[in-house]
Amino acid sequence: MTEQSQQGLDRHRLMKVLADRTEAGSLPGARTDGYRVVLAIEGGGMRGTLSAGMALALHELGLLNAFDAVYGASAGAISAAWLVSSRPEGLRGWADPRFASALIRKRNLLRGRPMVDIETLIEEVYIRQFPLDYASVLAAPIALHPLATDLETGQPADLHEELTDEVTLRLALRASAALPVLAGGPVTLGGRRFYDAGLAESIPFRQALRDGATHVLVLRSRPPVEAPALRATPSMGSRLVAAVAFRQYTPQFRAAFLNRPARLADDDRLLAAYDTDAAEAPTDPAVLSVRPDAAAPSISRLETDSALLEEALEAGRRVTAQFAPAARS
């Protein structure tokens, strides 16, 4: 990051609130500043290793208590759960080869089973091999908001109110990351069926704003791209999947699936505008994005290369070092 861009970041209203809360020792649930500061974590399958590294860095910098809630989409919801748990250092598991091999099972295609085995990850691996303290997530003072896509309406759904016990928490995490086709069928929770959050809201900042967030830090797993590279229309493959694999679902759900490229392009444009933080409109939400830099590795949704995943985790940690001034306040 250049000196000029660092100076611009330091002046961002979000940075000021993080610094003020950290300096005051402010804690979730005991605020006096009237703000609602939210962390929003993008997923994207194993690409979420990048945003997981960013989240880990926030914990290491001692900034986590400056947030009131964490919103997560897909793999970002899983990272959010680890972050607010009693063991946030468990985010390092994204780079562990055993984690990738448990989640991405390409040989399952030959057995007619899900290639992305979210159920085994949440219900077995996170209990026996890499214990995620689900009870601590439920008791955390920083509220967890896993997002998913409602199968009937095609709209984003905030599953926070469904988190009543460890069973519903695990179901919510599975629902948020239930990739259609790749991860099997939809997940039922609270009488509704859900698929992966990425179909309706892959970058979960809009839900945070709808819920009244005044400040949002967005952890992105996608690197910046030039505007012409953003596909505004669905690919032929996507149209085929919608027509064949999703023919039994509602038109609203199929539309949500097909509208993903246009929605992502719109999100990119809006977040770019927010990053400038117009000081002349101090009542508007302050939204700031962190994205992988040019040195970050290219990670696919189904990446299993442990060296690349470790590099991605460290790339996420490195780019988030820019928030150190807020931690030192």
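Using N, Cα and C of the backbone, Cβ positions are placed for all residues, glycine too.
Feature annotations, reproduced from TrEMBL:
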type: ACT_SITE; residues: Ser74; note: active site, nucleophile
type: ACT_SITE; residues: Asp196; note: active site, proton acceptor
type: DOMAIN; residues: 39-209; note: domain 'PNPLA'
type: MOTIF; residues: 43-48; note: motif 'GXGXXG'
type: MOTIF; residues: 72-76; note: motif 'GXSXG'
Show which residues of the chain containing the residue listed as 'active site, proton acceptor', separated from it by at least 6 in sequence, have their CB under 8 Å from its CB. Ser74, Ala148, Thr149, Ser176, Ala177, Ala178, Leu179, Pro180, Ala183
Let me check the 10 A CB neighbour count of the residue listed as 'active site, nucleophile'. How many other CB atoms are there? 36
Please work out the mean pLDDT for the residues of the domain 'PNPLA' (39-209). 95
Which state, by DSSP, holds Asp196 (active site, proton acceptor): helix, strand or coil? coil
